[in-house]
Every structure is written in structure tokens, then in C-alpha cells.
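Database features (TrEMBL):
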DOMAIN    2-110  domain '6-phosphofructo-2-kinase'
BINDING   118, 119, 120, 121, 122, 123, 124, 125, 168  substrate binding site
């Protein structure tokens, strides 16, 4: 019925994804996760929720018809056993289906924590300049030490640390005793001809570009640089690898952290460029059923405010971006 409608009537390609789970431990873990986080059980006590969910499973067992490679050999599908213990891919076609297979083979449901943070305050932050490869400011170095102390106290099993290639992120994690990896893909958005300029300078030299970016921040591309849309594409390999990892700390830059947050929290392209990612704040994300739990761990170390909200009038600057020292957003 689905094949007839989707393929024969509408002319679309069809790809089924089947998940089979018969490992009692995984089933129990899934029940506990769903009953706590599912919107269906928000106003229900745990005992009632558990009973209802088990009844659902039994009902699904009675009616469920698995895909059959012989009877349905014409169908394209992927079958996943016990959340990745075994994977069968049958007759997949084209780039999109290949990407789906690759993605689903990398994700897992093992409990883990993802920590995201910007680098400590940099010298360019103090001057209100975007991009570049400046060192940390004294307050940025203090944040580096305090975050390292916090991470050590947490005693996070199997923690791995990722940074960009830029000095300010590498300096931020210098005292963290964990395996570290540098990703060029985690470098800040490329501002092209506007690199190392202040917003006031960009507004003065390139007023049309400055206004155009305010009008469509996600798709606007800096001349000889990148857009947020480009950055999302650049980060795809990072996201794929992130899904395979256990506990991890990613220290990067404002635009990059925004993209990762938008992926993890399911934010729209319109929201993404304006997500708040303050300096000297560690974001602790715990993936759960139906989303991620987010905790903001703020360190009591002053830093410039680099967040620029969407202006009411494109091409205009607020007072804090006109004064010196000023702060700039990427």
C-alpha cells in the first residue's frame, strides 16, 4: 500500500528503516528512558506509565509484520538489530539513502554527556574583532584554568577533547588531562574580507554587505568567506563522528557551537545564527529520548558580551558595538 502510493502514484523513492530489538536489557533501558521523557506520560505516575508502555509493546508484537528480503525483494530498506549490533542494508539507491545509512550506522543510545564551550575570552574579543587567530586574554587564561579544574573534579570516564586549529581553543584546553584532537572543521566561520575587522568597520566599509547579512544571516556569505549554511555543511563530518563518541568536550567558536547546538536541540535555520553562546560558560548536554537536557555551567569570570541579537532595522548597530572596547559576534 505504501509502495503503491509513494512510488507508483507519486513517483518518489522509498526507503524503509526497520529497528528490531530483542535484547531484554536494551528493551528495559528504552522503557525507562521513554516513560520518563515521553510527552505521552508527562502527567502519569511511573507505575502506570510502565504498565501502559508494556501493553503497547505486546500490542505491537501482535500486529507487527517484519520486512522480508525474499517476499519484498523490490523494496529498499535498512534493518538495525539491537541498536547497531547488526545492520542489514538491502537495495539502497542514491546519495540520500547512502547518507541515511551512514548516519544511522554511527548513532548509538549508550548514555553519554556532550560538553560544548567557546574558547576563553580572546584579545580580539576585547577589541571587538571577528575571526583571526589571537591569543587568550588574561581572563580567558583564567577561564581555561578554572574549566580544567572543573573537568578534573567531575572525573568523567573516557572523556575526549576536540578543538579547532586556532590558538585560542588549544590554549583553553591546555590543562585538561584527556586525549585531545584538533579539527580544522571546527575553525570559526570564515569572514573573508571582513576577517579581523570590528562590526563598526564592516558597517563603514561594506554597508551593503553589513545590511545583507542582517537580512538573511543564515544564507549570507561573507565575500571570499562562508555563510552559516556553508558552516553547517563543513560540520557534517564532525557531527557524524560526534554521534559515534562517548563522553566528549568540544571547545570551539561561537558560530560553530551555534551550529552544533542547533543540531542537538533541533533548532531552525532562522534561530541558529542568534542562539546565545556566552563566553566562560560550559554547556552540558545529555541526550535523552525526545531531545537533550541542557545545563549551563557559568564560571564567575568576567568576559565581554559578544551576543548581537537580530536588529529591528537591518544594518544598524547597537551602542555596545559602537563603543571601545567593544565586542563582536560571528
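Just so you know, glycine gets a Cβ as well, placed from its N, Cα and C.
Sparsest Cβ environment among the binding-site residues 124, 168 (other Cβ atoms counted within 10 Å): 124. Remark: residue 122 (substrate binding site) has 134, 135, 136, 137, 140, 168 as non-local neighbours, by Cβ distance under 8 Å and separation of at least 6 in sequence. A simple way to gauge crowding: the CB of residue 120 (substrate binding site) has 30 other CB atoms within 10 angstroms, across all the protein chains here.
Within 10 Å of the C-beta of residue 118 (substrate binding site) there are 30 other C-beta atoms, taking all protein chains into account. Listed in sequence order, the residues 134, 136, 137, 140, 279 complete the 8 Å Cβ shell around the substrate site centroid, once 118, 119, 120, 121, 122, 123, 124, 125, 168 themselves are left out.
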